[in-house]
Structure formats: C-alpha cells, structure tokens
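Right, one structure below, let's go through it.
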C-alpha cells in the first residue's frame, strides 16, 4: 500500500469549548488519521492566549509529525514573547514568531527534542551503542589473549601451525583462479559473496557507514538504499552491502603479490612503451589530453551540481528532524473585533461572511509566480509536477532546512520560506464563523463547499432539542472528505484536521415547545377574561 493503510483509521480526536466571558467564542474540532500510515497533524485551540486574545491554529506535518507537534507545544509562548506582541503589533509578532521558531529548529538542543518526539535515536544514543559494541570486542580480545597466555607452546603450535598449513594452499589457489569466495580483483571489486564477509559487515555494523546506510562503493550504496527496511532508525544496510575497501586475509594477499611480482613489472614496462608509441603515431599531445580531462571534469562537476539541486530530503542517508521534516502553519488571533491570520503553506483559514466564503489565507505553491521567482533566486528548480527540486510540493513551511542552505540569503528568501502571509479582518455582524483546516479537507472540497456544508448543519438540533455540537459537524465533514479507497490520485487519503470557531455565542438550550406556549397564552387570556367579567358584574350590582 506504500504510504497508505489497507483500511483507513477513522478514529477521531474531537472536542468542544468556549472562551471566557470577555471572548465567548464557541469552537469545536476533530482530527482523523485516515488512510495515512501515521498522523502528522497538530492543532491549537486556546480561547485565552491572554485576557484579550484567542488563538486557533492547524499544523500539517510532512516527513514526520515532530515539527508539527513542536509548533503546537511552543509557538503560542513564542508569539507572546515577541516584543511586537507586547506592543500590540500582532501582525509583526506573528511574522517574527514564525521565523523565530523556524530558526530554533536548527539548534542542537531542539534537534534532540525533535528526535525524541519522532522516536528516533539521537547521536548520543548511537555513540553509546557504538562504544558498547567496541567494549564487547575488546573484552573478547582480552579473553582470547588470556587463554593463549595460559597455553603451552605445543598447544599454540597445534592451533596456529595447522591453520597456516591448511590455509596456504587454499589461498594460493584462490589467488590464482579468482573463483574462490572472498576473492578480490585489482580494482577492489568484490567477488562472489562469502558468508565470512557478511558476518564481518554485520559485526562492523555500528560504524558511520552502516548508520548512514551507505558504503564507499556507489553500487553498495544503491543496494543499501533499496534493501534497507523503511523506518529503520539507524538506516543500517543489509549484509549484501559491503565496502570496496574491505581487506582480504593477509596470507592470501601476500601470496598473490609474491606470485605476480615479476609479471607486474613486465606489464608496466610494456605499458610505458605502448603509450610512447601511440603518442608518436597519432600526434596526440599530453596538452590535448589534459584539455579533454578538464572538459570531462567540468561536465562531471555540472552533473554533480544538477544532481545536488535535484536531491530530496533523506537521499543523503541519515534523516535529521527539522531538516528532512517540516510543517505548514495557519494561525488565527482574535482580539476584540480584529481577526489576524498568519499562514505558511497550504493549510487554510476561511470565514463565512453572510454565507459566502472569505479566504483569510493564501495557499503557497511552488508554481505560483512570486514563489517560483524566490525559489529560482535561491538556486532551486520546480519540476513539472510542482515540486521544489523534485521533492516538497510546498513553497513555505516551518522546518525543511534541507532547502534552506543558501548562506548568501536571509531566511525569508530561501527556497522554502517560513515567512507567513498576514491578513486582517474587522469582524461585523455578517461574519458568522470561521474554519481552519489542513489540505486534507481543501483538496477535496472548495472553501465555499465547506462553508455551505457547515451552514446547513450549524442550526440543526439533536433529539433533545439542543444545537448540535460543533465537533459533531466537523466529524461529519471528515467522513464526507474521506476517500472510499486509495485507487485514485490520493484525494481524500490524507490526514484531516479541522476547527470551527463561531464569532457569536450559541444558544444551545432547547427552545420552549410551541404547545406549551399556546397553553400558557390560553391560561393568561382566560384569566384576563374572568377578571374583566367579574368587574362587569360588580358594576351591575352597584347599579
């Protein structure tokens, strides 16, 4: 199924709430994993960020959930800590906060925390495992030395003398034919696989190469990338991945060079003579050869540059949280009658204005004119399918520092920028509610379709006569967007998170039944008639 489950996970995390008396903002939210193998969304519902401000936000993670969860945990406080926030400049505060939390993701302390959130081993843990394995090897060697120290000379000769006699003819034949398992050619290419070499590779597993899943041989690197199990924290290569620099047993190596020493000298002399002859006959100068080599080097360098440009996160072997993962972020602050929305990525905030959808954010896509210009200026490319260097299909996000490595540009001008767009709206009686959601919703339904869907249900009442919970409406929306299977283009197969926030208090209490009202009116009218009748009788008696 690739990135999808065989069956969708439709368990929902939902909730409802309301703000303080000063900000009576009813809200409801729900989140669902859906067809994805993991849940990478996060959100904030904070009706009292301070006594005058409410905050609602959605974070849609990619490459892992760690950056989204980190933002949900720390971004509210980072916003409040900004100087501009304390001065009442909320737009500037949001911009500064987005860039500030993005910068924090590159610090060693935060990278470790992200690794813990993601459940990946940190470098310290890797080092401990490596040291532990080295200690085991040292202990084994010490035990072997101790055993040999207590052995007699006859026992030592028996152990090593017999091995040498048995090994010598075996190694000679292996060197001569090159057919014996474990043989190695002059170019360092490994011969047919040998179980002893596989064991050696496994024992030397906790090294830098094994942890990156790469070997010093490009072919082995390919095997490691294909053969490694997805999601393996250390990215260890399988036994089939062996280094081209692996050494053969010393006995075999020395015997090989003893037998071929004279032959190699003769071969070198013949090679020199042939080179001189070819240069004289063809008129091929060394300068021309150097020029061709320079051209080849230039072409190779250009190809390397192109490959580097088109690299995507994770291709270098070891994934690093915050570099190979990131998140969108759409944050809405409500203070008094002001709604301020900051957005980086393709999550979205939409307001219902007299039943019409009013977009309060702009989806950042690489193919858009402004975004494309920035990406190219930073040295990047956008592929035909709308991906930056063939990888990320977003142009703005928090994290993704793999795309933010141009040292000549400030953070906001990198290929992927964390700088948000800001929109401000003065709320009126026409503004009923707003919706904040990730692209798992917006890829299935348009802004107006979502507003219409909610509008048709927000006044519905349950069997007890009370207004429906907002979270129940969101849950129904998620089910509406969920694809029946994964056979399509991925629409409806993403994680889904959505929040509905009403700008006015909701009268959730059940209305008084009409029959009760009529009975009460009849009683009151009867009593009034009787009083009027009695007064007439009294007047008649007096007359």
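Using the three backbone atoms N, Cα and C, a Cβ is placed for every residue, glycine included.
According to Swiss-Prot, the protein has these features:
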- 2: N-myristoyl glycine (LIPID)
- 22: omega-N-methylarginine (MOD_RES)
- 26-503: domain 'PPM-type phosphatase' (DOMAIN)
- 60, 61: Mn(2+) 1 binding site (BINDING)
- 60, 439, 494: Mn(2+) 2 binding site (BINDING)
- 116-139: region 'Disordered' (REGION)
- 122: phosphothreonine (MOD_RES)
- 123-139: compositional bias 'Acidic residues' (COMPBIAS)
- 163-326: region 'Disordered' (REGION)
- 183: phosphoserine (MOD_RES)
- 259-310: compositional bias 'Acidic residues' (COMPBIAS)
- 381: N6-acetyllysine (MOD_RES)
- 508-543: region 'Disordered' (REGION)
- 525: phosphoserine (MOD_RES)
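Other residues of the chain with a Cβ within 8 Å of the Cβ centroid of 60, 439, 494, the Mn(2+) 2 site, are 41, 328, 346, 347, 438, 440, 441, 442, 443, 495, 496. The two recorded residues, residue 439 (Mn(2+) 2 binding site) and residue 60 (Mn(2+) 1 binding site), have Cα atoms 8 Å apart. Distance from the CA of residue 22 (omega-N-methylarginine) to the CA of residue 61 (Mn(2+) 1 binding site) is 33 Å. The residue listed as 'N6-acetyllysine' has 60 as its nearest neighbour among the recorded positions 22, 60, 494, going by CA to CA distance. Looking only at other Cβ atoms within 10 Å, the busiest spot among the modified residues 22, 381 turns out to be 381.
The separation of the residue listed as 'omega-N-methylarginine' from residue 60 (Mn(2+) 1 binding site), Cα to Cα, is 30 Å. Note: the CA-CA distance between residue 494 (Mn(2+) 2 binding site) and residue 22 (omega-N-methylarginine) rounds to 37 Å.
DSSP classifies residue 22 (omega-N-methylarginine) as coil under the three-state reduction.
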